[in-house]
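Taken straight from TrEMBL:
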COILED    83-117  coiled coil
TRANSMEM  12-33  transmembrane segment
TRANSMEM  53-78  transmembrane segment
Amino acid sequence: MTKDSRRWSSYVKPIVLVITIAVLFAFWEHYLFRHFLGTFDHKGTAMQKSANGYLFFYRAWPLWSFPLFLGVVITALWKGRAVSRSRQRLKLLEKERVRQQAALHDLEAALRTCQREAVLADYSADDDAPEKVRELVQSYDELKENYLASLNLIEKLLLKIKE
């Protein structure tokens, strides 16, 4: 017997739930009739027990409390299941996002490696490759210094404008 065949199918659960609720309600209705709505006298004649207005509402609280309780429980279970499904979906989406980010980082690292290899391959073809690298590093350092100097100048000008 497989695991799937032992599980209740999706259409059996609601049927069992409805039948169980109907049986419980039938017993509850019989209890209500006996204790709140009516009874039988010593001759077996049906007698109605009732009260007026709010007193009847107060005395017959099981009449309205059982369906109210049942509705609250069913709604809570339904909403709980919906929340659990959405949480499961969010967990799956989070796992997928993490997996995609890891793949993206791997691709970026591979791209950087390929770019370095391409640059080194270009330089290895030249005889004066170390000299070109030194020139590039020197020009990068000069560019960085110029950029920082211009940032300092802009900050000073902004401070003067504010004064």
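Each Cβ is built from the backbone N, Cα and C atoms, and glycine gets one as well.
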Confidence summary for the coiled coil (83-117), mean pLDDT rounded: 87
Long-range environment of the transmembrane segment (12-33) - Cβ separation under 8 angstroms, sequence gap at least 6: 60, 62-63, 66, 70
